[in-house]
């Protein structure tokens, strides 16, 4: 038959299995002395590999807590067995398969988001079909493929966003130095501009290891942190040029405050920081700057002592977004601003009763208030003087009447 052949070892090769190949076969070896007889007979049967009759769609979108049923059916000879697996996860995560081989997710959970695969298997072969399940109404999923590019005293962090849970998501980059001498070192967070998938972190110490992680947030909350990536920023390359004379050596007289962090308390927002790493003269103090909802920066407190490393900010407006930063003073020098920390007062259950900071009263309102107090004081003084004058006149009239009566009497 066409497509049939025999190998040198006596095996028969049937290139295309069809009805011509069905039947009973026996092999009879021969040489110059004859044959010892035929082998035991063997029967050739044709079986069909699995083939899908109903395939799952490429994607499914469903709200968390609802029911999601994904169909999958196949036929073959013998009939195949249908199984479902979630890629990258052990077990079915609470899913089960019904009598029609459909995948049933009830109730749908955030952990069931991802790629699911329907596998049809029989003794001939196995085939599979994949579908993507998107669970809506959840907090974001963790970002993936976080990478750090070390730069000169800086690092560029990039990542791939995870599923946003059906809502707009924002990102923040968290980092901390690995300093063995310090038993505890807080993480510093930097907000990422909307829509960006990378961030440049500057003002890092050279030749010092840093850990980086990325956090995603949407209106329902924060997702899990990404995996932690460790990197070492590059320092200035060594040079063979002799140093310049001290009279013209460029120095950094005052570096900015470091590691500014914000923690919400029942009394307000507690800001903490570390003093500048480099200063040429004694530290004079700090100034705290604030802006609300991406507005203009304003000075909130310009008289923080240089010995302080924390300050409590009470009386923020509820359901608002604030940014804080610090600058340091030393002699005639003013440092660059520190890192910016973000504070959102949305959904706070306990907070001071004041609705806004008195230092942030608009200038026209403040001027009107001072003018009114001054006018009230002048009015009080004028009333007192007028009362005194009237009392003196009344006393003078009484004395004159008494003299007149005395002169009339005989």
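Backbone N, Cα and C define each Cβ position, glycine as well.
On a predicted model such as this, the values are computed, not experimentally measured, just so you know.
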Given ranges 339-364, 365-390, the stretch to which TrEMBL attaches the annotation transmembrane segment: 365-390
Mean of pLDDT values spanning the domain 'Fibronectin type-III' (139-239): 89
Helix, strand and coil counts within the domain 'Fibronectin type-III' (256-348) (DSSP): 0 helix, 52 strand, 41 coil
DSSP-derived helix, strand and coil totals, residue by residue, for the domain 'Fibronectin type-III' (139-239): 0 helix, 47 strand, 54 coil
